[in-house]
């Protein structure tokens, strides 16, 4: 459930991770930007579309280089692919890359010695940021797939955003749904994430409540439920 | 997750909050009433519609004045906007104003020294009241947006209420859905609230159950799951 | 959240409740049967339909008489309506009556001194039984409302059952939805119950898991998450 | 909630279960494969379809034989049907058979003395594997039922998979839904499983969070929520 901690990794590996954190996060935002421009720019805006494609390719190369360096430094050899499976998945599906935001945020928080927010508030804000990034990326990817389909119900990027929010919250109206195989694969991934998100929100609320109750229970004498 | 407590705020600020609580709650009910009349009154009921608009404007001015006074008294200056971000959001989206009900209810409960309901019953009743107010406000706002749309599936206020209940419970039939951009923005907000609501209900049930179990466990000797 | 316990009620009140439990449960099953026959019998099966109506009326009178006797015996006077609000609701909406099943089951379990099932299994089986009864009752009520509607999508009782299961699980396909005001009111109630049911299932799973984990944690030495 | 443990069962019964575990798991994969070929093979691939049917029948006979042997060895007689109700259900609905995977996985884990994954990661991976198997089996069964229906919206096996993922996550778009009675019965079962799955994910997240919080709470001095 958690990313394998780097505690047992060689020192050089950890130092590499620390140093590349912020640049790689910048690269993932550039990747998302490039993909967004590529998908959303009008057909005839040729130079912009080409620039965006170049940006997507270049940032992906940066990720691949980082992945290669980390295999080297980790000293794990081919086992790296399995141990750091999350990184492997992210290399293949770079749209998940911006989720790195959360690690950066955690790292920034840690440097401040003491997090400003309670655990529950942090889970809620992580879930919110994840939902926004995932929803936006999925909307881009689905719009990319569906644009050309003749009987598509997702016809504008606005429709794609609307579909993504209805999917992530598991509401699922069904007025705008992917009809292509590619779009449906993206959608299935988003649904699974929506389920996890729901679990995170529900779970954090549940444990917060339980903790509040325990405290209240300790303060006053018991008196029956 | 919780509204910043007023414990560290100056005494005058806290006194202002206490005194204005009930009048401001009345003002927010008037605001909701005015908006409801404005949206639901027939087109030709001119004087009523104008009166409703005036009511909406007047109560909004009251909120703005209260906000200004509180900035002054808090002594926080422009940081007030960030610290009391919930108040800022409510100033911009006054339809969320009636949620103040919950603070009033909590305040009334506190004056009675000891709340009549257990924590779980309170969470459930807060969630219920929030759901009713949010659903009603969202139905009004969506009906307001959708009324004029040519291909709307939400054609009466009854449809809007039906849509709101299907959305808040994350059922999402899709027989009545907003088609305008404005309506979809409102809907996305309502979906997020529905997710939170689900979390509240699930969470409170979960912790209640856990507490019941712990008590039962203490009463009788352990005997395996 | 729980039915007000009868601990503080007069002895005669408690004895009445104990004695009438099984007969009243029988009466509520007869009520459900009568309603089901009334709704599902073909239009021309006149004698059966009349008999069913008489059965519904007679069992309702039994509930009303029980309610009156309990007001008397409780010694609460008009406060009874508020204290035993659940009974009041059930008197007005007798289709909720079969939920009494759960109380009977609990009572039968208590007589056996020690329940056969763990708390979590009991919550799951209560939730299951409640879901079946609620779904069946709601399907009957919605079919009753929708049957005559010209543009209904719920046209057979099978459609109504299908709609009820999609609603209770918050899936909400939207291929069969109530279109009449009456049907939508019933549906809103069922959605709220679905939310609660989801909360019960999720909550009980959550606390069961937490308990299993705590036990496992105690057995073996701690070793990090 | 848990499968009745074999601790009190005779030694021969337990030995039988241990020895047949892996062969029976192989048989259930063959069953699923046979059913998949039977459903998905084109109409004119006669020899393959007949082979698949024979495979389904043969593996089912293996399950029936195992069931009979276990009744014998358990020494429970006709009570076996009730005590091992899960096995009875699986005998009648052999598509649930591959869920045995989870038992095999647990058994393999146990032999390693100490599970490699934490409880939460195990719950998540069980839930994931269950979701995949259930979704695939339900998609097969529904496609089997719907294929011949004239007004079906599930027309290809891809549609059936898409429907299954929207159902299991309780999103429920409604663009592809079963219209036959048989398909709807399968769908209702899948919905109930989706609800349980949601409960498992939410619950495990909730308890994981609560545990993390408790640990953090112990490390640092309390400072208010």
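From the backbone N, Cα and C atoms, a Cβ is placed for every residue, glycine too.
TrEMBL: automatically predicted annotations, no manual curation.
The domain 'Potassium channel' annotation in TrEMBL covers D:138-210. Looking at the domain 'Potassium channel' (D:138-210) alone, the prediction's average pLDDT is 87.
The transmembrane segment feature in TrEMBL is assigned to D:22-40 (among others). Distant neighbours of the transmembrane segment (D:22-40): 48-49, 51-56, 59-60, 62-63, 66, 94-95, 97-98, 100-101, 104, 136-137, 140, 143-144, 157; these residues of the same chain sit at least 6 beyond its ends, with a Cβ under 8 Å from one of its Cβ atoms.
Beyond the ends of the transmembrane segment (D:52-69), by six or more residues, the same chain brings 16, 20, 24, 27-28, 30-31, 33-35, 37-38, 41, 87-88, 90-91, 94, 97 to within a C-beta distance below 8 angstroms of the stretch. The transmembrane segment annotation in TrEMBL covers D:52-69 (among others).
For D:119-143 (among others), the entry in TrEMBL reads transmembrane segment.
Same-chain residues lying 6 or more positions outside the transmembrane segment (D:185-210) and placing a CB less than 8 Å from one of its CB atoms are 119-120, 123-124, 126-127, 130-131, 134-135, 138, 141-142, 145, 164, 167-170, 177-178. Positions annotated as transmembrane segment by TrEMBL: D:185-210 (among others).
Panel annotation: around the transmembrane segment (D:119-143), residues 32, 35-36, 39-40, 95-96, 98-99, 101-102, 105, 109, 154, 157, 159-161, 163-165, 167-168, 178, 183, 186-187, 189-190, 193, 197, 200-201, 203-205, 207-208 of the same chain, lying at least six beyond its termini, place a Cβ under 8 Å from a Cβ of the stretch.
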